[in-house]
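Among the features that TrEMBL reports, compositional bias 'Pro residues' is placed at 1-11. Residues annotated as region 'Disordered' in TrEMBL: 1-63, 113-133. Annotated compositional bias 'Low complexity' per TrEMBL: 18-46, in sequence order. Look at TrEMBL and you will find 46-196 tagged as domain 'BES1/BZR1 plant transcription factor N-terminal'. TrEMBL lists 48-60 with the feature compositional bias 'Basic and acidic residues'. Summarising the annotation, TrEMBL assigns active site, proton donor to GLU394. What TrEMBL records for GLU588 is active site, proton acceptor.
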Amino acid sequence: MESQPQPQPQPRRPRGFAATAAAAAASVSPTGTPSGSAGASTASSGKGKREREKEKERTKLRERHRRAITSRMLAGLRQYGNFPLPARADMNDVLAALAREAGWTVEPDGTTYRHSPPPQHQQHLGAFPVRSGESPLTATSLKNCSVKATLDCQQPVVRIDDSLSPASLDSVVIAERDTRSEKYPSTSPINSVECLEADQLIQDVHSTEHDNDFTGTQYVPVYVKLSTGFINNFCQLADPDGVRQELSHMNSLNVDGVIVDCWWGIVECWNPQKYVWSGYRELFNYIREFKMKIQVVMAFHEYGRTDSADVLISLPNWILEIGKENQDIFFTDREGRRTTEFLSWGIDKERVLNGRTSVEVYFDFMRSFRTEFDDLFAEGLISAVEIGLGPSGELRYPSFSERMGWRYPGIGEFQCYDKYLQQHLQRAAKLRGHSFWARGPDNAGHYNSRPHETGFFCERGDYDSYYGRFFLHWYAQALMDHADNVLSLANLAFEETKVIVKIPAVYWWYKTSSHAAELTAGYYNPTNQDGYSPVFEVLKKHSVTVKFVCYGLQICSYENDEAFTDPEGLSWQVLNSVWDRGLKVAGENTLSCYDKEGCLRIIETAKPRNDPDRCHFSFFVYQQPSPLVQGVICLPDLDYFIKCMHGDITGDLVP
């Protein structure tokens with residue numbers, strides 16, 4: 001019999017780069033001559049090049065998407081599951097931690113096996129065991145839910161199959177919800193509250209008696225910030241009786257100390273190097289009577305230029321007089337508008353302030369304070385000094401100036417258009433070999449723009465081009481150089497005294513790829529960069545304590561979260577980066593955070609009980625919108641907050 005012809009397998013259709021190469025080969029005859037005209041060959045070559053470029057962009061976009069998913073997985077596993085993942089963990093670390101939790105053994109080389117079968121109930125569930133503190137779904141909790149609602153309530157589960165090879169693990173795709181329509185995830189493991197009954201809501205992680213028990217936790221000292229306005233513009237104590245009454249309230253709450261702003265615009269107001277400290281001397285004497293510690297803030301910024309401010313403290317008058325003749329000593333936006341919140345870092349080494357540089361002016365002020373109150377340093381009454389490095393005392397550019405019309409959640413504007421910073425930019429561009437890069441971006445929008453409305457910050461925008469990366473690196477480096485210059489002299493003025501630096505929490509647009517608001521503030525922290533590590537390396541050089549702003553309630557509970565906020569994700573990045581470098585961390589609340597649930601969230605951030613390294617804040621600063629005696633703050637709630645921070649209270653919130 002004649003053998004039947006065997007069917008030939010279907011050839012596999014090439015994809016990606018292979019498809020481009022096959023198309024190019026098809027346009028050439030076997031003899032090597034083009035099958036068409038020379039023009040057709042050129043067109044095919046150009047089309048192939050465009051396809052390759054598109055494929056590269058698609059690959060880059062997939063990688064950014066993957067990194068964003070990984071970042072959210074890491075944050076959730078650390079916060080809700082107590083997984084000891086390193087700060088810069090990759091997907092292999094995540095898979096290994098999940099496998100070990102499920103009862104598998106994972107060797108360093110990736111070999112994965114199980115010593116014994118999992119318990120019967122785990123085999124039935126087909127997922128990892130539920131950790132303590134979680135609220136697993138039950139039949140009772142689902143009885144009133146539709147099938148679709150039930151599926152929406154369930155957490156995504158990562159499963160490890162015996163048949164998966166190491167290569168196939170890389171191709172696993174994890175579905176992601178639409179971040180535009182999803183609220184910021186709650187602290188409960190179940191995202192949909194509608195699927196939970198009342199008995200389960202009582203077991204929420206922030207409502208259980210166990211989670212409200214802070215007895216025996218680390219002692220975190222609490223400082224309360226003294227209200228601005230007790231020292232008037234002539235450096236006199238304006239309300240001695242009010243000061244005594246407020247200090248008495250603080251003392252009754254067992255506050256560890258107070259924060260006092262020492263304003264440059266008051267002490268050195270009229271003439272250079274003529275310092276008036278009399279009001280502060282009287283204030284410190286009152287604080288000494290109550291035996292509380294003092295942390296002072298070297299406040300080199302402006303205060304109160306908003307509609308809601310009842311106190312106005314400007315920069316010194318002699319500085320403003322110089323600014324009338326030379327406006328370039330102030331930060332300047334693209335349209336040439338100046339802000340007097342802080343002096344431009346471009347004059348850190350320019351002798352334009354009556355023969356002194358701005359850094360020398362700051363040093364002379366700090367040295368005068370150290371000399372004037374040497375007795376209080378010797379007594380240990382002054383325990384630390386915070387150095388103001390920018391607007392609101394924070395290390396950042398004044399890119400969110402309300403005087404310029406900025407409103408949350410605008411992206412802000414770059415502040416580098418004074419002639420001194422422009423000269424620095426020109427030198428940097430020339431050194432790089434591209435002198436035409438000595439300019440700010442012309443498509444970065446305005447103060448209240450959204451990232452997608454600009455060509456610079458939008459997805460795949462110019463922020464990630466060669467020029468964009470050069471400019472943003474220079475812009476961030478100027479911020480770090482300023483911190484380095486001032487802190488070098490601060491350590492000289494306050495030797496052997498704790499020095500504190502305040503870091504801003506720019507949480508809006510954190511879920512976008514560009515992190516636009518952070519970029520204009522001076523932190524080069526897009527999705528594919530780590531903008532905080534270089535800053536903390538500079539701060540580590542000076543052994544400072546980093547003070548970070550903490551938020552209570554989830555900021556992105558605003559309707560639809562149009563600003564793609566992620567305050568908890570930002571906190572995780574900043575705090576882990578600081579702790580990884582061995583620096584001390586302190587916290588400070590926002591003026592809008594006084595609710596009970598927000599206070600509990602702050603306490604959990606200050607001393608996370610699930611942290612295997614037992615990291616915690618070295619102290620916490622409680623800001624108040626007005627004096628305690630005016631009754632804005634509920635004193636029983638503040639008393640409870642302080643006792644929790646001190647680790648000596650048990651039970652539910654004070655009613």
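Keep in mind that glycine also has a Cβ here, set from the backbone N, Cα and C atoms.
TrEMBL: automatically predicted annotations, no manual curation.
Since the structure is predicted, the reported quantities are computational estimates derived from the model, not experimental observations.
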Tell me, how many other CB atoms lie within 10 A of the CB of the residue listed as 'active site, proton acceptor', whichever protein chain they belong to?
21
Can you check how the pLDDT averages out over the domain 'BES1/BZR1 plant transcription factor N-terminal' (46-196)?
55
Quick one: Cα separation, the residue listed as 'active site, proton acceptor' versus GLU394 (active site, proton donor), in Å?
12
When DSSP states are grouped into helix, strand and coil, how many residues of the compositional bias 'Basic and acidic residues' (48-60) land in each?
13 helix, 0 strand, 0 coil
Just to confirm: which same-chain residues, 6+ apart in sequence, have a Cβ under 8 Å from the Cβ of GLU394 (active site, proton donor)?
LYS502, ILE503, PRO504
